[in-house]
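Asker: This is the structure, below, for whatever I ask next.
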Amino acid sequence: MTPGPLGNGSMSSTFLLSGIPGLEHMHIWISLPLCLMYLVSILGNCTILFIIKTEPSLHEPMYLFLSMLALTDLGLSLCTLPTVLGIFWVGARDISHDACFTQLFFIHCLSFLESSVLLSMAFDRFVAICRPLHYASILTHTVIVRIGLASLGRSVALIFPLPFMLKRFPYCGSLVLSHSYCLHQEVMKLACADIKANSIYGMFVIVSTVGVDSLLILFSYALILRTVLSIASRAERLKALNTCVSHISAVLLFYTPMIGLSVIHRFGKQAPHLVQVVMGFVYLLFPPVMNPIVYSVKTKQIRDRVAQPFATS
């Protein structure tokens, strides 16, 4: 049974997720492009993983980092799919506190893991262009595994306290979330308690992950650009920069909507609710959908393997 708005003295054991307010009568039609995006994301990232696993020539650092990115994008799609399609298909808006806290843990953990993977890929491009003779000796499989585990460990360690920090709060009033999934910054605003500690810790997590990673990525590309500009041949400069296009696209696809959504949640209280909803879908769906497409188009080995079944004999 869907709980209605509660008085200040009442408390509920569930939150209410939101679809697109005012367009409830069109939810079944809106679900069609959403389903298509989820399908493209899941199939695209699974295809990238399968090709990298089965193609020995792709067992190189750049593609191993790409497989980490594909795994992260796949996880992000799968952890939001049940609640998003549940709302748009059957209007299932209720979500228990524990289920909500679990979902937001995975969403934030995977988001910050993706930021770490993008930083690792920037380091890969830096070594490949600025230290090409030492590329194989620096980025060994052991080093790549350690980078992956360190990235995962950082994300889990930083996000692990959040569900417990939220669980200690009482929640009362109209417990309606703005999105079709749970986010920390949304849930904490529904607490009937002082959320200053959560707000400060949330800002610390963002600065120490997305903030630091984005600055290091910019620094990496500054060094890459300096090295590329020192190359005498224009053709070689273009060739070196062309190897970075896919990664730059992935960085823009990830950081632009994330920063936009964070700004809206923290400072855009007067922004139309529809803007928040659309930015929320762009933030979680657009990168997992577009990354496999970008890498398939820009990477010859992957493009050839994808096109192989359609090639005429």
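Just so it is clear, glycine is given a Cβ too, placed from its N, Cα and C backbone atoms.
Sharing the features that TrEMBL gives for it:
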- 28-52: transmembrane segment (TRANSMEM)
- 44-295: domain 'G-protein coupled receptors family 1 profile' (DOMAIN)
- 64-92: transmembrane segment (TRANSMEM)
- 104-123: transmembrane segment (TRANSMEM)
- 135-160: transmembrane segment (TRANSMEM)
- 200-224: transmembrane segment (TRANSMEM)
- 245-268: transmembrane segment (TRANSMEM)
- 274-295: transmembrane segment (TRANSMEM)
Asker: Could you tell me the mean pLDDT over the domain 'G-protein coupled receptors family 1 profile' (44-295), as a whole number?
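Answerer: Per the prediction, mean pLDDT sits at 90 for the domain 'G-protein coupled receptors family 1 profile' (44-295).
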Asker: Flag the pair the transmembrane segment (200-224) / the transmembrane segment (274-295) as in contact if three or more Cβ pairs fall under 8 Å (sequence separation 6 or more).
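Answerer: No, the stretches stay apart by this measure.
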